[in-house]
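**Student:** According to TrEMBL, the record shows the following:
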- B:Ser14, B:Ser15, B:Gly16, B:Gly17, B:Leu18, B:Asp19, B:Ser20, B:Thr21, B:Thr22, B:Leu23, B:Ala24: ATP binding site (BINDING)
- B:Cys196, B:Cys204, B:Cys207, B:Cys210: Zn(2+) binding site (BINDING)
2 protein chains.
Amino acid sequence: MTTQRQAGHAIVVSSGGLDSTTLAYWLQANGTGRLTLLGIDYGQRHRVELSRLTTLAQALDAECVILDLRRLRPVLSGTALIDEQATVPAGHYTDGSMRATVVPNRNALLLDIAVALAISVKADTVAFGAHAGDHPIYPDCRPSFLYAYRRMAAVANEGLTVSGFQVIAPFMDMTKADIVRLGADLGVPFADTWSCYAGGARHCGRCGTCTERKEAFVLARVPDPTDYESPETPCT
Amino acid sequence: MTTQRQAGHAIVVSSGGLDSTTLAYWLQANGTGRLTLLGIDYGQRHRVELSRLTTLAQALDAECVILDLRRLRPVLSGTALIDEQATVPAGHYTDGSMRATVVPNRNALLLDIAVALAISVKADTVAFGAHAGDHPIYPDCRPSFLYAYRRMAAVANEGLTVSGFQVIAPFMDMTKADIVRLGADLGVPFADTWSCYAGGARHCGRCGTCTERKEAFVLARVPDPTDYESPETPCT
């Protein structure tokens, strides 16, 4: 993990999941004075994740902004994360079938909303939780995306951002198991975070992201407090 | 104007204004087989412009998608284009006071939605109407922004866009007077387009964008059909 200069006020692109929650804890532990968790409902089936944000924000003494942008659904159609008719693929998160869970242009959109908010409230950091495990499936989680995004946002908002403004993804080179280990050290309330893509009331334990979550706890040798419908331990 | 390879289906980021409407006519005249006008209500005071889109789309035999994203208002606050309490500056559109009309990160956000829609419907072009007159005030209308945005979008959506996908801004090096001349040649129904930022039922004739519109018609030597509250001709 690269050591980043810590700043006064960070907007954290937050899903209520394990990665973005650990990111918020990490920012606070590294001296960020003010945190805003930004959750965006773009019509994802697993919007239950957003209901976790208020609880997580309270535990962190952070602000919480949840935006209802479900009107974006028709624009983002054709992905299993949004389309109620499509099947969320079960299996390993590195399988080719997981491409059905790619939402077109999602991270650029989420980051652009976060950057606009940062400019409006004069925050100096936007942070998001992309990590190395995302790279094979999600093109907008790769380091090359982060670099291209930073350049674009700097040009688009020249003269508008506060001095030292930065877009960071401190977990970019870490695995999810690394994040679980870090989160355990930081006291992240893992049981309050949400990963499952299937849209049920409990973690299904079968979809790609449940599989990834289970595997990360096993590899990190950290007890997994998640309440899965299918709790079998994955082969790692 | 750079000659662009014309494509099958273009998503046009449309405000109902003079520039984006002329752009749609230009795309059609240059062989684009299918057009979708994408209008986004992000809480702008001048959302009357969007009501023109349906009429303009009918005249072009184009599809029309208008998204109500007014929930973005709190994120984009602090600009006179959205804040009902702020004063929309009168005067010349090159004045420093026009910086009050800058919406943070707006064009990246609008383009992101257009790119996501293009991926969903397998369109091969996203077009927006930035022109040379915008450059001094709006950092996200400059050529450097276009280049950085293209790079970012290509990395973010690698493997998702159709072959030959492009983000274009064919008027980037033209003045608004050039666009009026081009629009007159193409038969654009200028009277049906909307420019005013003030949010009234008629063009105010005093705000920066009304001043720019008036001046463009004078410089282009094209009759201005706009119904202004203050119809005095600007000094050019």
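Using N, Cα and C of the backbone, Cβ positions are placed for all residues, glycine too.
Keep in mind that what you see is a predicted model, and the values were worked out from it rather than measured.
Help me picture where these features are in the structure shown.
**Tutor:** Counting Cβ atoms from all protein chains shown, B:Leu18 (ATP binding site) has 25 others lying within 10 Å of its own Cβ.
Packing around B:Cys210 (Zn(2+) binding site) is summarised by its Cβ count: 24 other Cβ atoms lie within 10 angstroms of its Cβ, all protein chains included. Under the three-state DSSP scheme, B:Cys210 (Zn(2+) binding site) falls in the helix class.
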**Student:** Centre the Cβ atoms of B:Ser14, B:Ser15, B:Gly16, B:Gly17, B:Leu18, B:Asp19, B:Ser20, B:Thr21, B:Thr22, B:Leu23, B:Ala24, go out 8 Å, and tell me which other residues of that chain have a Cβ in range of the ATP site.
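**Tutor:** Same chain, not in B:Ser14, B:Ser15, B:Gly16, B:Gly17, B:Leu18, B:Asp19, B:Ser20, B:Thr21, B:Thr22, B:Leu23, B:Ala24, Cβ within 8 Å: B:Val12, B:Leu56, B:Gly129, B:Thr193.
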**Student:** Provide, as an integer number of angstrom, the distance between the C-alpha atoms of B:Ser14 (ATP binding site) and B:Cys196 (Zn(2+) binding site).
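**Tutor:** Checking the Cα atoms of B:Ser14 (ATP binding site) and B:Cys196 (Zn(2+) binding site) gives a distance of 15 Å.
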**Student:** Measuring Cα to Cα, how many angstrom lie between B:Ala24 (ATP binding site) and B:Cys210 (Zn(2+) binding site)?
**Tutor:** 21
**Student:** Hey, how far is B:Cys196 (Zn(2+) binding site) from B:Leu18 (ATP binding site), Cα to Cα, in Å?
**Tutor:** 11
**Student:** In angstrom units, rounded to an integer, how far apart are the Cα atoms of B:Thr22 (ATP binding site) and B:Cys207 (Zn(2+) binding site)?
**Tutor:** 21
**Student:** Tell me, if you would, which residue among B:Ala24, B:Cys196, B:Cys204, B:Cys207 (binding-site residues) has the fewest other CB atoms within 10 Å in the structure shown?
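**Tutor:** If we count Cβ atoms within 10 Å for the binding-site residues B:Ala24, B:Cys196, B:Cys204, B:Cys207, the smallest count is at B:Cys204.
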**Student:** When the Cα of B:Ser20 (ATP binding site) is compared with the Cα of each of the binding-site residues B:Cys204, B:Cys207, B:Cys210, which one is closest?
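**Tutor:** Closest by Cα distance to B:Ser20 (ATP binding site) among the binding-site residues B:Cys204, B:Cys207, B:Cys210: B:Cys210.
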